[in-house]
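See below for the structure under consideration.
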């Protein structure tokens, strides 16, 4: 495989990690705890999309090698992930009177509940959307890159979502309030911002993006009850690398960790006997190295809006 | 020991909510009064309030009043409860006992995000700007509770504080201490409040800068906003104030005209450092 192909794979994987990282960082910035149920929120999104796809899979024309029904399923996956997170927030997290460590532990419990319910309903086997696997795009093959239109769809969709989030944060009233609340929640209240509502929207957006990440992860790999949890540590690495609480840091961290993860085979190619099974370990080593120099992460300590 | 606040304005529950929609900035004139009001009414009164954090009581039967368009200054030793008074008035703490009245209405226990909508503003002592937001965004956040167009009022504030206009696109964290304090005032002023609560405006500022900030406090007051201010620098704070309260151990130890307190040898010796 060529370096270009590793980079192409890295771009696809990064897209998924970025979507998941943004959500984790957003929720951290406003709810002030590391949400261990975030990975399983991705799983919820993936399974919701899977079920929806069963009904609408044959729908319509194809776009980037995907039936339009897939995009309907994606929208449902995003919506269900957001809804489940909001219900959890409203009836559990909000009602808990514990510190951020207590919240973290609670969220681990929530993760188990999500996963158990999914496994109860769908079993623990791997499943797939069952969309026809595509051939690699012809004109990229001479460059040594085997990449399908599905991969392109993942990258394009992630780019659209990231651009949308950026627009929301920078140019809308809600986005400004979200940044203000993440920056200084007590001053936000003092200014008259209804912090509860902002928190709710943050959960909607953060979990919605996680849902999208889950759907794409399911398209990229397979769908299983453990898919989200298995990727959660990588997502945490990305968020911490970028600077936890910073949305733009999460984008950068997600991109870097995803890339590093997929570039690992290069080590074998150049004669260093470290196999791809160590991809995550390498990502973590690099994260630790960066944190030794910048303890708050690359964009750390600058607030959500920067 | 004078306990000036006690009993004043102690009428309970004025008939008919006096809470109108008073948005217009009183430009040099008398603050627009609600129909049931007389000129003698204090705009804000704290009546026999106990308050504190968790189980720890800080305020003990504290009373004070703020008249329309005046500056009242709270001075006293560390831990006397000065900032706690502001937090209790602004709903960040709920009074355990007693009443907080704004134009006669009991606002004790109302949430800050509602209090800011009835015409009271609050400038905290620390972390009083959104550091990662631009100056302009900070001002917009100050006006989230307004339904009307923010542009005119923000332009007005730019006219009054040119430094803010100059740096409107800069992040607030890039401001100097004095500029930051100006932004903190301006953020609160976007709501055009009748009452502004200011916690230690001169804290951490160099003497020259502190003087500038005090001048800004006076300028804000000149436009008709009543100000209740906590100030560590008691002499300077009282010098620009109409009334003063010396707090000690959660109660008012002395209350008088600001000049009266400054001239009072006992207050001078005990609380103003001789």
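Including glycine, each Cβ sits where the backbone N, Cα and C put it.
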Transmembrane segment per TrEMBL - which of A:152-169, A:170-187: A:152-169
Tertiary contacts of the transmembrane segment (A:231-258) (same chain, 6+ residues out, Cβ under 8 Å): 10-11, 13-22, 24-26, 28-29, 34, 36, 38-39, 42, 162, 165, 169, 182, 217, 280, 283-284, 286-287, 290-291, 294, 296-306
Touch test for the transmembrane segment (A:6-31) and the transmembrane segment (A:70-88), at least 3 Cβ pairs under 8 Å: no
Contact ranking winner - A:43-64, A:100-118, A:152-169 against the transmembrane segment (A:198-219), Cβ under 8 Å: A:43-64
Surrounding residues of the transmembrane segment (A:152-169) on its own chain - C-beta under 8 Å, 6+ positions past either end: 11-12, 15-16, 18-19, 22, 63-66, 74, 137, 175-176, 178-179, 205, 209, 212, 216, 219-220, 247, 251, 304-305
Residue numbers, six or more beyond the limits of the transmembrane segment (A:100-118), whose CB comes under 8 Å of its CB atoms: 31-41, 43-44, 47, 84, 88, 92-93, 225-226, 228-229
